[in-house]
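Trainee: Handing you this structure, nothing more for now.
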Amino acid sequence: MEMTEMTSVSLKRGSVAIEDNDSVAPAEEAKRQKVSGCCPTTGQDGIENSSLPSSEKVPGPPETAEQGEKNSEVPSEEEEEEDGLSEEEEEEEEEAESFADMMKHGLTELDVGITKFVSSHQGFSGILKERYSDFVVHEIGRDGRISHLSDLSVPVDEEDPSEDVFTVLTAEEKQRLEELQLFKNKETSVAIEVIEDTKEKRTIIHQAIKSLFPGLETKTEDREGKKYIVAYHAAGKKALANPRKHSWPKSRGSYCHFVLYKENKDTMDAINLLSKYLRVKPNIFSYMGTKDKRAITVQEIAVLKITAQRLAHLNKCLMNFKLGNFSYQKNPLKLGELQGNHFTVVLRNITGTDNQVEQAMNSLKEIGFINYYGMQRFGTTAVPTYQVGRAILQNSWAEVMDLILKPRSGAEKGYLVKCREEWAKSKDPAAALRKLPVKRCVEGQLLRGLSKYGMKNIVSAFGIIPRNNRLMYIHSYQSYVWNNMVSKRIDEYGLKPVPGDLVLKGATATFIEEDDVNNYSIHDVVMPLPGFDVIYPKHKISEAYREMLTADNLDIDNMRHKIRDYSLSGAYRKIIIRPQNVSWEVVAYDDPKIPLFNTDVDNLEGRPPPVFASEGKYRALKMDFSLPPSTYATMAIREVLKMDTSIKNQTQLNTTWLR
């Protein structure tokens, strides 16, 4: 292996959280991560979510759609503070000053063990994610097909109400019905006058109320010579908790599957927004993996007993969202069922020659890249998430509390700064909590726990944080160890399998012996994430694992924790990933703001693909590649450009944002 000089890439603010390949552990991580005897509900990255806990709203672990059926139409008690997609420009303006300051104190790749490259080509620079539309992710489904939004039509279904259902009620009538549905006032019924009294008109109003406001019954009444449709609760609050199962045709699958196209919004925020518009709980939605915010992403979603017609109607209401490719099926989707993701990435204003680009992309196609856990795994603030995870594993609960709540270098939202300052001054969880307008962030949840259980019971207080988010801290520590050990392995033995390396046979890890080393390639070699149910290589790297954990006051021979949730069995992960379906082209352009390829929505609207001149002011590299779950597109791009992908490094390189 040849180490080459690292070059740089300029990044727009906020663009480092590049999509990692989501869902549960992939085939090569066949040794599944076990926590308390079962896999955690997973999200973005494989063993767990890769979007690590931060000072944002933290949704709890999603229930399955089956679990949500009993209360599937109950509006969430805690609605989102925002009811729509905020404009990208507004977000950037709001955060512009704080971001560069915050990133001065962030992590670099060196801090988390990312130090090696596999290729020998000369690196070059480029601008990554100058626009979120320069990064497009298409989910690869269970059947191996890449998800595309290609059809906005609604399946023909005799049971579906007419389009008039969505327009027959006035805004005032909808408001009154919603208040009735949610028991927001003392009214026991709402009467809608039928202006044009025909049977067809009355039928449409009945259908509209029952379709748009599940849990309400309707009847027709004559009042002083006028016809009214009266809406009411048939069985009190139980009707709302147990919606009209009898209204769903038995011949139709219980789940409406659809393709969700979204721009600049992460999956959980998208689900929460859809839930709000549909007036249902988020737990009736299911999906195979979550997608990050700063990108255009296309993925399959399933929802319990919501018609395609209702979903399609949202296309008229929501910006930067499109729903389509509807079908009714018997089963929901499950986390981890996807086969991976296909990425389309534009690197703008590249400096590399055509020959450099060719060498870099051929190396990516033929050799691949080191399967490091990307920077987003470790958080973006001055307190890395792996440090919290290490403290949990050490049973250092006072340190866990301190790391999450103490003041930290770099800019944060003002209310968080005030909350941390109050905590440092008073150590009063109730007083610090009062500084937070949004109490669903990790800090708010921990402070609530401390208020409830007291300062002497930090373990229980920490337990208020949703389980997945707690586990992400310790998974971050495992990832930190794995990155460092893989760098040592490649530094010590290069890019060839050696005796003592580990490979998987089915789900079982075995050692490569001297006489069968030629039967394997570097693409077969795996390395363990530390845990109580893994084996370690039989060469120098085994001792390196032991030394690293010993330095962190952890016993590699006893990775069981006194709290079951934090006893990690470990897992295996391939050290080199070779992307599939790799293609690329270099294009010339003059305007940094023009899109360089069509999206699914562009194609639906019949827009012609961009035409490029043979020469232009700038050059861009357009890359396409597919990755299995639990791999990071950032690390593939890093290998091509020979760059440090950390936000801290890119902020130092690019302090003036290109607009």
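Just so it is clear, glycine is given a Cβ too, placed from its N, Cα and C backbone atoms.
Copied straight from Swiss-Prot:
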type: ACT_SITE; residues: ASP292; note: active site, nucleophile
type: COMPBIAS; residues: 1-10; note: compositional bias 'Polar residues'
type: COMPBIAS; residues: 39-54; note: compositional bias 'Polar residues'
type: COMPBIAS; residues: 75-98; note: compositional bias 'Acidic residues'
type: DOMAIN; residues: 368-578; note: domain 'TRUD'
type: MOD_RES; residues: MET1; note: N-acetylmethionine
type: MOD_RES; residues: SER10; note: phosphoserine
type: MOD_RES; residues: SER125; note: phosphoserine
type: REGION; residues: 1-99; note: region 'Disordered'
Trainee: Among the recorded positions SER125, ASP292, point out the residue whose Cβ has the most other Cβ atoms within 10 Å, with all shown protein chains included in the count.
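Mentor: Within the set of recorded positions, the most crowded position is ASP292.
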Trainee: I need the CA-to-CA distance for the residue listed as 'active site, nucleophile' versus SER125 (phosphoserine), whole Å please.
Mentor: 24
Trainee: When DSSP is mapped onto helix/strand/coil, what comes out for the residue listed as 'active site, nucleophile'?
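Mentor: Its secondary structure by DSSP: coil.
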